[in-house]
Amino acid sequence: MIAQVIVDIAAKQTDRIFEYHVPDELQDVEVGSRVFVPFGPRKLQGFVVGLSETSQFQGKLKDLLLVVDEMPPLTPELVQLSADLADHVFSYRISILKTMLPRVMRANYRKILTPLTEKAKQLPLFQGDPVDLNKMTDVKQIALARKLLRHDEAKIEYLVENRAKKKTENEYQLCQSKAEYEKILASVRPNAVNQRHLLQDIIQHYDAYPKRQVELEKEAGVNTATLTAAVKKKWLKKQAVEVYRDPLAGFDEDQPDKKVTLNDEQTAALSKITTAIEEKQDQTFLLEGITGSGKTEVYLHAISKTLAEGRNALMLVPEISLTPQMVRQVKARFGGEVAVLHSGLSEGELYDEWRRIRRGEARVVVGARSAVFAPLDNIGLIVIDEEHESSYKQEDNPRYHARDVAIWRSHYNHCPLVLGSATPSLGSRARAQKGVYELLRLTKRANQKKLPEVKIIDLKHVQFAGGQFDLSVELVDAIKDRLAKKEQVILMLNRRGFANFMLCRECGYVMKCPNCDLSLTMHKDTGMMQCHYCGYTEPIPQRCPQCQSEHIRFLGTGTQKVQEELEELLPGVRILRMDVDTTRRKGSYKKILDAFGNHEADILLGTQMIAKGLDFPNVTLVGVISADTSLWVPDYNSSERTFELLTQVSGRAGRAEKTGEVLIQTYNPDHYAIKLAQSQDYERFYGYEMRVRHAGNYPPYFYTVLISVASKNEQHAAQEAFRIKRRLTRNLHPETIILGPTPSAISRLKNQYYYQILVKYKKEMNLNSLLHQIQYSAQEIKKYGLNVYIDNEPERII
Ligand code: ADP
Ligand code: ZN
Ligand code: ZN
């Protein structure tokens, strides 16, 4: 047998497939197996993407060295997907294959230095063992290692190292007959109490064995020492068995599954989806339903239907912050069938959940973006909740959109895809308009609650409470009113930290990140100025770093500052803050949300991570501190993002018996995105925004591709960008619009200068192959410190 392998050549990526002979002892290799292969003098990891009987190079092929996993980590479906997706997103297949695996399984080989010559073997460096180069820190030893390599006295070997540790527990098996144990018991000294207890337990519960150590210790009332002694005496046999880490362990005690009867709109939507499930149609549905219209209930019913048909379901949710409540609901309904995949899990948990799916032990998968690659087979339904969310697009290589991958998998599996949102992305809504997707609408709140009253506060004409310019008197009064009624408040400010500008009033100096073209944000709690892009920090200055003047001011605002202001204005108020800074630790999201749900706080103050999906019945007021943060971002979809954010956050108010109110503070009260968010009129916003996009030749009227060139040397980046532009102009249709190259809005990030070209086109036969050529030549120019990135259908163009 011959294996076709994509080899992980880190330095130079290529989609070339290499062939290897499969030796007799590795005949269990499959498509999707992770393998080790000889590659030149090295041993590298790769993935088997095909198997065949013959090859034109037969007899000259090298042998596969190793099949890494017991079960191939990738399914044939995923292997095939990797090829199509690499083509679509201008990435290399190896990046896609690795993206499909849980993080722990991606880079997992170590470099080991082994001595070759007799002289080398005598060196104290080796002390009889190979040396782990990854762990080498001693400068002298590193120099010696280099010398040995140069003189061919040692060589580097790659070792597979599975950093993903399986969790095990001890299990004890019996090794004698019951009668035998009775005989032993009779001969054990009466004062050997523990041994007697153990033997009694064995005789009494003979059929209940093998037993886990924890169980055994509890039930027989013995300790580890007794068990160890019993093993020595050959009464018991000990073995390690694998156990799964359960990321949902804390969820079990949560509320029981609510039973609801679907209303007419929900029933109508569900029946269309059900038909597609039964008939295995790869139809895409757009479920457009206002916040609180009961979309979740429709998903859950559709998943039940899928399971009843004997197929499995995949459900994507945008961000981890949304997951606790959604996961709770899914878990309440489907129990042990559920697996969860998102970056908030520990590596071990992720690895275990992933393997449960791969082994067919979980039938419902809920997860964030990368869960779209879950190795789930026999998929009968895919759901993408909040389909408009930008987090479904990966901003780094491979720049894929989970929606595109889901569509591919729906075709492959012959199953429907349901995209749900209160504010669908313009592209999806336009496709529904054209009939490419089927539009299903939920126009009423499921529990008959009215939408909250939304009021706009014009910050140009208000009195501010306190000495700062963040909180209007009106908003603070409304908060006081709720606190008096023991109701709760959600406040959103899409900016973390304390102040995002240090300005010198003497010389005008603004403190910026030395690596990026961005001002540093003050973080009062840590005493640091921080770059929110690259993480650079330095202490908060007392004087201007440029002119030493003491007249420095910290301008702008952030969640930390607003928290401090509120605590001053409302003494005794209990505030929970939720932003990147308070949610770094695993489990902190759930902790904050649980505490708020238990009314341990009056106000939940946070960035956009609190805008979506949360369902707290006692929240009757939502305040937006500034609607303007997302409005003037220089990007074609800034209005869409603003409308979406305001509508989503408004939906958090008044979800139960009590009616809700929303107050939006803004300096742009007349902007259409804000006005239409006030009336929560998605359809009108859609109509208006589509005209704006049409006039500006923007998506969804045009397809777009963004090409970025980055270099430490600004001139080199610009030159290469112009070269690419000339190449495009020569080969593309005259009606295709090619904009740029221009320095991107933030022209320098992490010490790299960026130049961008935007291609807008309607039909373009040559573009795909041209971009692939550009992608391949990008490999060549990497050595000159130039990086070229191609983003197909970018979510933002800044
Ligand atoms: P969405 O996801 O559309 O914002 P949810 O699915 O969260 O809305 O539903 C909002 C609330 O309405 C939830 O508390 C849910 O339990 C409830 N709900 C959903 N469907 C029904 C129904 N048919 N009858 C009564 N309550 C419902
Ligand atoms: Zn100064
Ligand atoms: Zn920076």
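Cβ atoms here come from the backbone N, Cα and C positions, even for glycine.
Around CYS504 (Zn(2+) 1 binding site), the C-beta neighbours below 8 angstroms that are at least 6 residues distant in the chain are VAL510, CYS544, GLN546, CYS547, SER549, HIS551, ILE552, ARG553. Under the heading Zn(2+) 1 binding site, TrEMBL lists CYS504, CYS507, CYS544, CYS547.
Under the heading Zn(2+) 2 binding site, TrEMBL lists CYS513, CYS516, CYS531, CYS534. Other C-beta atoms found within 10 angstroms of the C-beta of CYS534 (Zn(2+) 2 binding site) number 15, with every protein chain shown included.
Summarised as a single figure, the pLDDT of the domain 'Helicase ATP-binding' (276-442) averages 93. The domain 'Helicase ATP-binding' feature in TrEMBL is assigned to 276-442.
Taken from TrEMBL, the feature domain 'Helicase C-terminal' covers 539-693.
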Excluding CYS513, CYS516, CYS531, CYS534 themselves, the Zn(2+) 2 site's Cβ centre has within 8 Å the residues LYS512, PRO514, ASN515, LEU518, LEU520, HIS532, TYR533, GLY535, TYR536, LEU749, LYS750
Quick note, CYS507 (Zn(2+) 1 binding site): same-chain residues at least 6 apart with CB under 8 Å of its CB -> CYS544, GLN546, CYS547, SER549
Expected list for ligand 2 (Cβ under 6 angstroms, binding-site residues CYS504, CYS513, CYS544) reads CYS504, CYS544
Sparsest Cβ environment (other Cβ within 10 Å) among binding-site residues CYS513, CYS531, CYS547 belongs to CYS547
Distance filter, Cβ under 6 Å of ligand 3; input binding-site residues CYS504, CYS507, CYS544, CYS547; output none
Listed in sequence order, the residues of the same chain lying six or more positions from CYS516 (Zn(2+) 2 binding site) whose CB sits under 8 Å from its CB are CYS531, TYR533, CYS534, TYR536, ILE746, ARG748, LEU749, LYS750, ASN751
Around the recorded Zn(2+) 1 site (CYS504, CYS507, CYS544, CYS547), other residues with Cβ within 8 Å of the Cβ centre, ordered by sequence, are ARG505, GLU506, GLY508, TYR509, PRO545, GLN546, GLN548, SER549, HIS551, ILE552
If you count the other CB atoms within 10 A of the CB of CYS544 (Zn(2+) 1 binding site), including all protein chains displayed, you should get 20
For CYS504 (Zn(2+) 1 binding site), the three-state DSSP class is strand
